[in-house]
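Per Swiss-Prot, these features apply:
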BINDING   69, 71, 87, 90  Zn(2+) binding site
BINDING   504, 506, 508  Mg(2+) binding site
C-alpha cells in the first residue's frame with residue numbers, strides 16, 4: 001500500500017468483507033461483475049485450460065497469455081467482431097498476463113467461519129475479548145455446543161422458559177427440554193427454523209458475540225477491575241506484614257492483572273486502527289492469485305504437479321457448495337450442522353493445517369502445506385522471496401580477521417570489488433578518456449590491467465559498502481565500512497566490530513551491498529559507519545571492545561623480563577653468546593628503539609633503557625617514597641640512581657640531568673600507537689589548537 005506521503009509500506013491485519021470484495025471484484029466492459037469463485041475445478045482434463053468460475057478462471061484472474069483470451073482471439077487491427085477491451089464470447093479481458101500475480105478472487109461462504117489464527121494461536125484474541133478460555137470457545141466453533149441467541153432485545157423461548165441456566169448448554173440437553181416444552185408446529189409462520197430463531201452455533205455464534213462487544217466498555221471495566229486488584233493486594237500486604245502472604249492468592253491476582261492488561265491493550269488497538277472484532281469471523285474467504293499457487297506440467301505430456309493450496313481450496317469450495325444446496329433444499333438440521341463443521345475444518349486446514357487437531361493429508365499420508373506454512377519460516381515467502389531474495393550490486397563471502405585494518409575499514413576481495421563496482425568503473429574509465437567506449441572498457445576490465453586497479457581504488461574511495469550478517473536482529477546487524485582492496489576471496493574485518501554482528505571467525509559469512517544513490521551513501525557514511533556505532537542500542541554498554549585475541553596479543557607483546565632491574569647483574573642469556581650485551585642498551589628516542597628492532601639488534605622482549613622526555617618524576621612515581629637500589633658514580637662527578645623501573649642521572653649538585661625508564665620493544669611500540677591515536681583524536685576534536693606532545 002502507499003500512504004498519503006507516498007511511502008510504500010506493507011501492513012498485515014484484518015480485512016473487512018467490503019475490503020475483500022474491493023480486492024477481488026471487477027466490472028467487465030459489458031457491466032458484468034466477476035470475482036466470485038464458485039466451482040472447485042482448476043484445469044480442464046482435455047484442453048488444460050482454466051475452467052470457467054474455477055480457482056484458475058481467466059475471467060476472474062486475467063489471461064494466461066498477454067492479450068489473448070480463452071478462445072485464442074486477440075484484438076487485431078481491422079477485426080471489428082472483437083472488442084478492443086475484452087472478448088464477448090468468453091468474457092476475458094485483453095490485458096497483461098502479469099495481472100495473475102496480484103488479482104484475487106473470493107469464496108462466498110454459506111456459513112460464517114472463525115479465523116483459526118485468532119482462535120487457536122497464543123494469545124487467543126477472540127478468547128481474550130470474550131473473557132473465556134479457548135476450550136470454551138472451541139465447542140461452539142466446531143458445533144459441539146450451542147449458544148442461546150438473543151433477538152432484538154426480545155427473550156427467546158428457551159430463555160423465557162428457564163431452560164438455560166448458563167449461556168452455554170449442550171445440544172443434547174437443549175433438544176429434550178425444547179421438544180417437551182413446545183411443539184415445533186407452534187412457531188409463528190415466517191419465524192424461521194428452530195436453529196435460526198433460538199440457538200446459534202459455529203462461526204455464527206462467535207460472530208454474534210463479537211458483534212455485540214462494546215470496546216470502550218471493556219476498557220473501562222477492565223481498568224476498574226485492575227485498580228481493585230491493586231488495592232486488594234496492597235491491603236493484603238498491610239494486613240500480613242508479619243505473617244507469610246499466601247502465594248497462591250498472589251499468583252491468581254498477578255495472572256488476572258496480566259489478563260486485564262492484555263485485554264485493555266487489545267481493545268485499544270482495535271479502537272485505534274478502526275478494526276471491528278467481528279472481522280475475525282469470515283463471511284468471504286479470499287482466494288490467492290494463481291501465480292503463488294501454480295500448476296506445473298513436468299516435460300511434454302508429463303505429470304502435472306500442483307500446489308497444496310489448490311487442493312485445500314477445492315475442498316473448501318466442495319463443502320461450501322454442498323452446504324449451499326442443503327440450505328436451498330431445507331435439508332435436515334443435523335446434516336446442516338455437520339456440513340458447517342466440515343467447512344470450518346476445511347478453512348482451518350487452508351489457513352493453518354499444522355494447528356488443526358487432525359491435519360489434512362494427501363494420498364501419501366503427508367500433511368498439506370497450508371497458507372501459514374507457505375509464508376512462515378526461513379523458507380517462507382517473506383524471508384526467502386521478499387526479504388532474502390538476491391539483488392544487484394551485492395555479494396557474499398566468508399569473513400576473516402584483518403589486523404591491519406582500522407575500525408571503519410573492511411578488506412574487500414579484488415574479485416568481488418571489480419564486479420560490484422563494474423558500472424562505476426566503466427563510467428570512470430570512459431570519463432577519464434582511458435577507454436573510448438563501453439566495449440573497450442569491458443575488455444580492459446576482463447584483462448585486469450594495472451590501470452584498472454588504480455582507477456578502482458579511486459572509485460572505491462567515494463563509495464562506502466554495507467555489510468550484513470543474518471539474522472539481522474538489531475540495527476548493528478548492518479554497518480557501513482570503507483572498502484580496501486585485499487588479495488584472496490575472504491572479506492577481512494576488524495575484530496572489534498564483530499560484537500555488533502554477533503559474528504566470529506569460524507566460517508561465518510556476510511553479505512556485501514553497495515548503496516547507489518547519493519542519499520544512501522550519505523546515510524551510510526554519517527550514520528552507519530562502525531566508528532559511530534560503538535554503543536549497544538539496547539542497554540548503552542560499549543559493544544566495540546577489544547576481543548580476547550587482541551588482549552592476549554597485547555599481553556604477549558608487552559610482557560617483560562621477570563628479573564627486572566637485576567638483569568643488569570645477572571643477564572638471562574649465556575655469557576658466551578656475544579650477540580647480547582651484558583648490560584641493557586640505552587636509547588634516546590622511540591625511533592632509535594624501532595630502528596634497532598628492525599635491524600634485529602634487539603628482539604621484542606629485550607630489556608632496555610629509554611630516555612624519558614619529561615623531567616617531572618611525579619608522572620612516574622614518588623621519589624621520596626622509593627630508595628634507589630644501586631648508585632653508580634662517574635669520573636666527572638655525575639652519578640646514576642638505579643631504581644626498579646627508572647634510572648636518574650644527576651649532576652654534581654644533585655640536579656636531575658635526564659631520566660631513563662626501563663621498558664621493552666613491545667611496550668615501546670604499544671605506547672607509540674596509543675600516543676598517535678590520542679594525538680589524532682585530540683587534533684580532530686580541536687583542529688585549530690596546537691596541542692603539546694602527549695606522553696603515556
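Just so it is clear, glycine is given a Cβ too, placed from its N, Cα and C backbone atoms.
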Checklist outcome for this item: Long-range Cβ list for residue 69 (Zn(2+) binding site), cut-off under 8 Å, min separation 6+ in sequence, same chain only, gives 58, 63, 86, 87, 89, 90, 92, 93, 94
Checklist outcome for this item: Cβ atoms other than its own within 10 Å of the Cβ of residue 71 (Zn(2+) binding site), all chains, total 13
Checklist outcome for this item: The sparsest Cβ environment within 10 Å, among the binding-site residues 87, 90, is found at 90
Checklist entry - Hey, which of the binding-site residues 504, 506, 508 is the loneliest by Cβ count within 10 Å? => result 506
Checklist entry - Setting 504, 506, 508 aside, what same-chain residues sit with their Cβ within 8 Å of the center of the Cβ atoms that define the Mg(2+) site, listed in sequence order? => result 399, 503, 505, 507
Next on the checklist: Which one is it, among the binding-site residues 504, 506, 508, that lies nearest to residue 71 (Zn(2+) binding site) by Cα separation?
Outcome noted: 508
Checklist entry - What are the other residues, in sequence order, whose C-beta lies within 8 angstroms of the center of the C-beta atoms of 69, 71, 87, 90 at the Zn(2+) site? => result 70, 72, 73, 86, 88, 89, 91, 92
